[in-house]
Amino acid sequence: MQKLLLALIVGLGGFLGASLRYLISIFAAKNFGGNFPYGTLIANILGALLIGFIMEFSMDSALISSNMKLFLTTGIMGGLTTFSTFSYETISMLTNGNMTLGIENIILNLGCSLLFVVIGQKLARILF
């Protein structure tokens with residue numbers, strides 16, 4: 001029964017994260033156009049920032065239970081961030097001759113995601 005409860009916790013978080021990613025993609029396409037996958041980039045950067053913050057905060061805090069941490073990280077952040085979409089969009093750009101955009105997409109997604117995990121960790125240390 002415990003494993004089923006944990007699966008439901010992750011599933012609910014995944015639903016919320018994936019829904020948020022969808023809304024971010026709609027917002028990005030409307031506001032930034034469709035020439036570059038800004039929605040995926042924003043979702044990945046936001047997810048990196050939040051997971052860095054949550055993981056750092058939860059190390060020394062009793063405020064986040066193990067179930068809440070699972071809900072937030074594996075669930076919401078797992079549904080929000082998307083390596084498969086990033087990979088597909090990058091390959092599509094590269095195979096369609098958009099080498100510059102494809103390389104920019106790789107650099108921005110990987111570089112910003114790594115950077116924002118560190119920023120999230122530092123924010124958690126500063127705030128808590």
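Yeah, the Cβs are placed from backbone N, Cα and C, and that goes for glycine too.
According to Swiss-Prot, the protein carries these features:
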TRANSMEM  4-24  transmembrane segment
TRANSMEM  39-59  transmembrane segment
TRANSMEM  71-91  transmembrane segment
BINDING   GLY78, THR81  Na(+) binding site
TRANSMEM  99-119  transmembrane segment
Outside the transmembrane segment (4-24), six or more residues from its ends: residues with CB under 8 Å to it:
39, 42-43, 46-47, 67, 70-72, 74-82
Have a look around THR81 (Na(+) binding site) and count the other CB atoms within 10 A of its CB, chains all included.
22
